[in-house]
């Protein structure tokens, strides 16, 4: 999931959550080692701006306990008042779109967030995740069923709900009386709202039993995989090398069946390794002439796509290049950016660095370049 630079997230956490039982407000309660609010904020890692609304009496606590690049805004008397204050804090900031999320939904996945972003990027002025109603619906009075109701066309709303900033801010200002959620205000303002896929695990913590369910989900969901990759290519005659997708002038080239991008090959194998899916040679055999001279981004894209097909998100990639020359440092930023584009993650989740072997071995004799890579995958 790539997050546009002009997108921001708003996380609402100014409510008191009295239905969740006695104790502190639910957003401050612990959930598997972190507060509910910390988990909700972490779900939006990589957003250029994250605005969190808090009750005025919680502002000092927010400053003390919430880490990361978040902006705190004092909430109002109602949820709508709080959201409007957060929206107004983004005016004139260059933000074009905003995703508004309930702070009491700490288990929202990158897949759900990505679905909203994709709809907005496709031109929808508003988009929100939801799940179709599958249970039978009844009407009841005094503890007795009085009628049934059709569930056709009914959905259970979730967050984050995404909007063009100007449009949703205008809707809030035009309807200060508020609404159940921001989609309701958007509909009143005449904005079409696209429904995107929701997730059963994206529950809103409302009742005491919801916390136990969330703990169970987290216990089942912590599927983290690490993969390592290693590759070596010898030097040959030439005037440039490809390293992590960047063409670097050099007095030699790297020898290989494809474009010999040693860094990209190591990262590709790291992803395959984390998935227990072999290596590049298994998926793109060097005996197959169609891969002669192929650009290595083809291999890396395939590995990233396979990860997503198997239900994993790439959380982090770390590549180390081992060589005396060429000097990698001046190009490391461009390399990390190129790799992030190929595997579909934020640039700050990719690291490219270099070291030497202190003139020892084949890299020390400048006979070639080696690379080591590590990839971290998390079940989405």
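In case you wondered, yes, glycine gets a Cβ from its N, Cα and C as well.
Listed features, source Swiss-Prot:
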- 231, 232, 233, 257, 258, 279, 280, 281, 355, 356, 357, 358, 362, 365: 4-CDP-2-C-methyl-D-erythritol 2-phosphate binding site (BINDING)
- 231, 233, 265: divalent metal cation binding site (BINDING)
- 1-224: region '2-C-methyl-D-erythritol 4-phosphate cytidylyltransferase' (REGION)
- 225-380: region '2-C-methyl-D-erythritol 2,4-cyclodiphosphate synthase' (REGION)
- 19: site 'Transition state stabilizer' (SITE)
- 26: site 'Transition state stabilizer' (SITE)
- 151: site 'Positions MEP for the nucleophilic attack' (SITE)
- 204: site 'Positions MEP for the nucleophilic attack' (SITE)
- 257: site 'Transition state stabilizer' (SITE)
- 356: site 'Transition state stabilizer' (SITE)
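Location within the structure of each feature annotated in Swiss-Prot.
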| residue | record | Cβ neighbours (10 Å) |
| --- | --- | --- |
| 26 | site 'Transition state stabilizer' | 28 |
| 151 | site 'Positions MEP for the nucleophilic attack' | 13 |
| 231 | 4-CDP-2-C-methyl-D-erythritol 2-phosphate binding site | 23 |
| 257 | site 'Transition state stabilizer' | 18 |
| 258 | 4-CDP-2-C-methyl-D-erythritol 2-phosphate binding site | 20 |
| 265 | divalent metal cation binding site | 25 |
| 280 | 4-CDP-2-C-methyl-D-erythritol 2-phosphate binding site | 24 |
| 356 | site 'Transition state stabilizer' | 13 |
| 357 | 4-CDP-2-C-methyl-D-erythritol 2-phosphate binding site | 14 |
| 362 | 4-CDP-2-C-methyl-D-erythritol 2-phosphate binding site | 15 |
For 4-CDP-2-C-methyl-D-erythritol 2-phosphate, with binding residues 231, 232, 233, 257, 258, 279, 280, 281, 355, 356, 357, 358, 362, 365 per the record, max Cα distance (Å, no decimals) returned as 31
Its Cβ having more other Cβ atoms within 10 Å than any other among the recorded positions 204, 233, the winner is 233
Nearest to residue 265 (divalent metal cation binding site) in three-dimensional space, by Cα, is which of the recorded positions 204, 233, 257, 280, 356? 280
How far is it from residue 356 (site 'Transition state stabilizer') to residue 258 (4-CDP-2-C-methyl-D-erythritol 2-phosphate binding site), counting Cα to Cα, in Å? 25
Can you tell me the CA-to-CA distance separating residue 355 (4-CDP-2-C-methyl-D-erythritol 2-phosphate binding site) and residue 204 (site 'Positions MEP for the nucleophilic attack'), as a whole number of Å? 47
Candidates 26, 151, 204 (recorded sites); nearest Cα to residue 280 (4-CDP-2-C-methyl-D-erythritol 2-phosphate binding site) turns out to be 204
Closest of the recorded sites to residue 362 (4-CDP-2-C-methyl-D-erythritol 2-phosphate binding site), Cα to Cα, picking from 26, 204, 257? 257
Inter-residue C-alpha distance, residue 26 (site 'Transition state stabilizer') and residue 231 (4-CDP-2-C-methyl-D-erythritol 2-phosphate binding site) (nearest angstrom): 49
Among 151, 204, 257, i.e. the recorded sites, the one with its Cα nearest that of residue 357 (4-CDP-2-C-methyl-D-erythritol 2-phosphate binding site) is 257
One should report the C-alpha separation between residue 233 (4-CDP-2-C-methyl-D-erythritol 2-phosphate binding site) and residue 257 (site 'Transition state stabilizer'), rounded to whole angstrom, as 10
Do you know offhand how many angstrom separate residue 231 (4-CDP-2-C-methyl-D-erythritol 2-phosphate binding site) and residue 257 (site 'Transition state stabilizer') by C-alpha? 13
To the nearest Å, how far is the Cα of residue 257 (site 'Transition state stabilizer') from the Cα of residue 204 (site 'Positions MEP for the nucleophilic attack')? 52
Taking only the residues in the region '2-C-methyl-D-erythritol 4-phosphate cytidylyltransferase' (1-224), give me the average pLDDT of this model. 92
